[in-house]
Structure formats: structure tokens, C-alpha cells
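> Starting off with a structure, shown below.
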Amino acid sequence: MASVAALRALRKRISPSFASRIIAFTSDSRSISTLVLAEHEGGAIKPQSVSAVKAAKSLSNDNPISLLLAGSGSALHEAAANAASCDLSVSEVLVADSDEFSHPLAEPWAKLIHLVQQKGGYSHVITASGSFGKNILPRAAALLDVSPITDVIEISDPHLFVRPIYAGNALCTVRYTGAGPCLLTVRSTSFPVSSILADSKSNDAPITQVDLSTFGEDSVGKSRYVKHTSQDTERPDLGNARVVVTGGRALKSAENFKMIEKLAEKLGAAVGATRAAVDAGYVPNELQVGQTGKIVAPELYMAFGVSGAIQHLAGMRDSKVIVAVNKDAEAPIFQVADYGLVGDIFEVIPELLEKIPEKK
Ligand SMILES: Cc1cc2nc3c(=O)[nH]c(=O)nc-3n(C[C@H](O)[C@H](O)[C@H](O)COP(=O)(O)OP(=O)(O)OC[C@H]3O[C@@H](n4cnc5c(N)ncnc54)[C@H](O)[C@@H]3O)c2cc1C
């Protein structure tokens, strides 16, 4: 990096307006350092957190990235080792090992971010825009007295971001002007990674324990952990699946919805649902795709009996190929579909099930 004296000398030889841009650029990029709050499960960092690292990389070329993992037990340390080699740009992995972090409760996690940020003086704190990040980051922002920027889909410069508004019907460019650290949640579909260890290296980043001696005993918040339920582990994760098969209200019952599940099984796909299908009790709400559900961008998205309301499109319109089956030729889903079939799902799905071979 150029020294201040060298920059001053350079400034004398070029036009004042160009010089001020150079100074602005260098001071901006020099001060960048990022803390990425990572999620982990079963001893591995989750793909959406690797996407958050990818987003952090696009802030600046000169950007030390620290990954923060919290939890307890051996799975945490396995995940830390995995995180240390998940991307060449990770310069250190910080591990907070305490029973306080055994469950993803927002209060202790937000307090942890506050503690780590204060110690490390990071210019940016990033996490994936899932239910975990959406729960924790705004609280951390409140503790740090800054305003978070959520659902970022593009990073133009360290302080300029693009995010969707009006259910994805408009894009808003936001400049962060706050004095404190810039807190972001990023959509992992906008920062895709091919596989968890795609950028793995032989030399792992150093792993450091977070000093929790000042964390305090008063961190028990208002929320309480009750239990954890998760979807069928045989199926791919909805947020990262290559193929998603979604059913809408037209399925009419939980029993009929099993056709969608069977089709997904044959295709090795994740199952998605509209809010109408979730509200009707056909499937749990963790399968909801849309503005108030999961955001997905698979290679293939198949929608059966889905009208294509804007709130649903907000969660799947970035899919590479969209296939829709609906008996109404005027259904809005056909406006975004690459392949559309006007037909009855109770005829089409059984036919597909019959013709598609069992997955080996
Ligand atoms: C604030 C807010 C947030 C929301 N968030 C979400 C969200 O995250 N995700 C979401 O999905 N929705 C969301 N919604 C709801 C959304 O507006 C729609 O009501 C919902 O997406 C409709 O679901 P659907 O397409 O299954 O049902 P419907 O709109 O009832 O459509 C059913 C479709 O099935 C077709 N059909 C019926 N029978 C058959 C058949 N036998 N064969 C073929 N086609 C058939 C019909 O022609 C129709 O197009 C939200 C709404 C609000 C107000």
C-alpha cells in the first residue's frame, strides 16, 4: 500500500479532483476488515455462511476476514477446523465456546457480536440473510447503535449496496453513512458458491478462542430455548438445492401434497410450498418459499398449482429455469416461467411419477 508521503507527492503531479478520488479510495479500502458471523451444523460450516464470506470478499481486495463461530462441544471445534479452510480469504477463525451458545438464541449471540466487534474494531459485520441472521443482526446493531442494511444482493463498494424492496419489484441502492461498523445481511443466492470447500487451501487460517471472561452472567435474555425440529435430512436443504419442486393451494390436502414429495424424491429435489399451502396445513412453514419464507435460486424450479403471487415470486424469481403447471392459462406464474403447461396437476403429476425412474 502506498505511504502517505508517496500519495502526497503523487497528488502534486495530478489534477486535484483525481487526487481526491485516489485519497478517498485508499482511505476507504485501507480501513476495511470484516467479521463474518458463521452458522454451522454437524461439524461443518453451512453453505450460506460461505456465501457470506464471498460477499465479504467483494467489499475490498484488502480486507482481512475473520469468521466467528459460537457453540459448545466437539462439533463446534470440528466446524472451526472446517471453517478455517473454507476459503482462501479467511484470515482467522474466532471460536466462542460456551453453553450460552448451544442454541441460536438472539440475545447472547448479539451480545457476542458486540463484544467481538468492540475488541476487533471491524469495519463490517456480515451474516447470511436467513432466519438466524435476521434474528441476531438487528439486535447486535442496536447494541452497537448502528443501523443494519438487510437483504443485500450486490456490493458496489464498501459503503454502497443494492437490496430489493417491494417484494423484489424494485431495487434500492443504499449508501451507508454511519460512523460505526456497517452491519449487513446478504442473500446467499446472490453470492453463490459451488461447494463448501470449493476454494479450500492446504494452509488453514489460525483458530483463536474468544475471551469470554467479560461476557458476564447477566446475558440470559427474554427468550428461552424449547426444542429443535428439522426437516427430513434425506432431502436437500431448500435454500441450497439444485432442484426445487413446489406445491400450492391447488394440492387441496396434506395427503395430496405427498405427490409433490414423491416427485421431489425421484428428482433428488427439495420440497417447497406457497404460503397458502403452508397456511392450509399441508406442510410445515419451513418449506415456504417467498417474501416471508425462504429465498431460493435453484437451477430448476418446478411449480405445481401455484398462482405466482408477487410475494411468492419474490422468493424464486432468480431460479435459472422455471417450470410451471397450472390449469389457468392466465395465471401470473406463466409470466416468469421458462416452460409452462396448462393442465390439471392431478393428471400431470401422476404421469410424471410414472415416467420418471426411481432415483438410484
Ligand atoms: C405480506 C404477505 C406476505 C406473503 N408472503 C408469501 C410468501 O412468502 N410466499 C407465498 O407463497 N405467498 C406469500 N403470500 C401470499 C400470496 O399473496 C398468495 O396468497 C399465495 O402465494 C398463493 O398461494 P397459491 O399460489 O398456492 O394459491 P392460489 O393463489 O389460490 O393459487 C392456486 C393456483 O392453483 C391453480 N390450480 C387450482 N387447481 C388446479 C389444478 N387442479 N391443476 C392445476 N392448477 C390448479 C389455480 O389456477 C391457481 O392459479 C404473502 C402475502 C402477504 C400479504
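Backbone N, Cα and C define each Cβ position, glycine as well.
So TrEMBL lists the following for this protein:
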- 34-219: domain 'Electron transfer flavoprotein alpha/beta-subunit N-terminal' (DOMAIN)
- Arg249, 274-275, 288-292, 305-312, Asn326, 344-345: FAD binding site (BINDING)
> To which of the binding-site residues Val306, Ala309, Ile345 does the lowest count of other Cβ atoms within 10 Å belong?
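With the binding-site residues Val306, Ala309, Ile345, fewest surrounding Cβ atoms within 10 Å: Ala309.
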> At 10 angstroms around each C-beta, which of the binding-site residues Arg249, His312 has the fewest other C-beta atoms nearby?
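Selected from the binding-site residues Arg249, His312 on minimum Cβ neighbours within 10 Å: Arg249.
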> Which one is it: of the binding-site residues Gln288, Gln291, which Cβ has the fewest other Cβ atoms within 10 Å in this structure?
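Each of the binding-site residues Gln288, Gln291 was scored; lowest Cβ tally within 10 Å is Gln291.
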